[in-house]
């Protein structure tokens, strides 16, 4: 998808000089993070842009001057309200934000430990890090002046799901943490310096063998890639054969070679392969803020329903490219994440 910056909305936030905010970024290595800062001023020529100053990021290595940047309003939100007095129990599969290197990073809980800590997986860097409960907060989105999902609603959902949570297999609490120290990070090219560094946790211990899917010849799968412009996209493919350690030769079902004479074959690492998601029947259609996969340019891209249109069509918002595209319902499916050998359905959230 081509990147087209749009900020069309009937609702625009109003931030004033001195307002405390959290700041997001499109820079590689910082996507999915929120850093605390203060609004300095609003641009006179473009009222949709603000000058902000970070609390913990600096202009250079000396750490003497705090970093100031001009950002679009879609990259700002007020700090979330303080935690409720009634404690909300975190559990496997919860979408959370973890405090790491002076910022809050979006992830999902993939394991609960007996000592009360939680393993959190970060899609952007493909890392898993262990955190104490006090370093986590439930992920919420600032949508048109409201926090989604509402705090009270989430609390009720937690209470209703408690009985089911208590019946989960005890093995979830016995899983060890994993920190992928070799995960890709492009932070080193960023102008932001200070403690806002790449996600890493040197004290984390590798996972013991878990529920590993055995990929076999002829198996239908989906594969992803780190190629520029295709991060986060999933292509349908078939396993041809093993190809060395931790790799498989696959054949794409929609991509062809340069001559367009046969389907493209490629060696893919196991960590970039997953089973095909289970099919789900959508009876009442999608709703605004449903997270979906949209079939576009021969592959599946994760997005969020931004608007329900007529004739079973939907406008889908793509966070990574900040664009909206209209799809038929037949070209959409509910989004699911493949984590630790399980399909996890994320919470509904729209990143404006």
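Cβ from N, Cα, C; glycine included.
Just so you know, TrEMBL annotations are computer predictions that nobody has curated.
As the structure is a computational prediction, the values presented were derived from the model and not from experiment.
Among the features that TrEMBL reports, compositional bias 'Low complexity' is placed at 1-10.
Annotated compositional bias 'Basic and acidic residues' per TrEMBL: 151-177 (among others), in sequence order.
Per TrEMBL, compositional bias 'Polar residues' is recorded for 178-192.
TrEMBL lists 194-204 (among others) with the feature compositional bias 'Basic and acidic residues'.
Taken as a whole, the domain 'Agenet' (13-84) shows an average pLDDT of 88 in this prediction. The domain 'Agenet' annotation in TrEMBL covers 13-84 (among others).
Each residue in the domain 'Agenet' (88-144) gets a DSSP state, and the totals come to 3 helix, 32 strand, 22 coil. Annotated domain 'Agenet' per TrEMBL: 88-144 (among others), in sequence order.
For 213-281 (among others), the entry in TrEMBL reads domain 'Agenet'.
Positions annotated as domain 'Agenet' by TrEMBL: 284-340 (among others).
Look at TrEMBL and you will find 1-30 (among others) tagged as region 'Disordered'.
Taken from TrEMBL, the feature region 'Disordered' applies to 151-210 (among others).
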* Asked: Helix, strand, coil residue numbers for the domain 'Agenet' (13-84) per DSSP?
  -> 3 helix, 33 strand, 36 coil
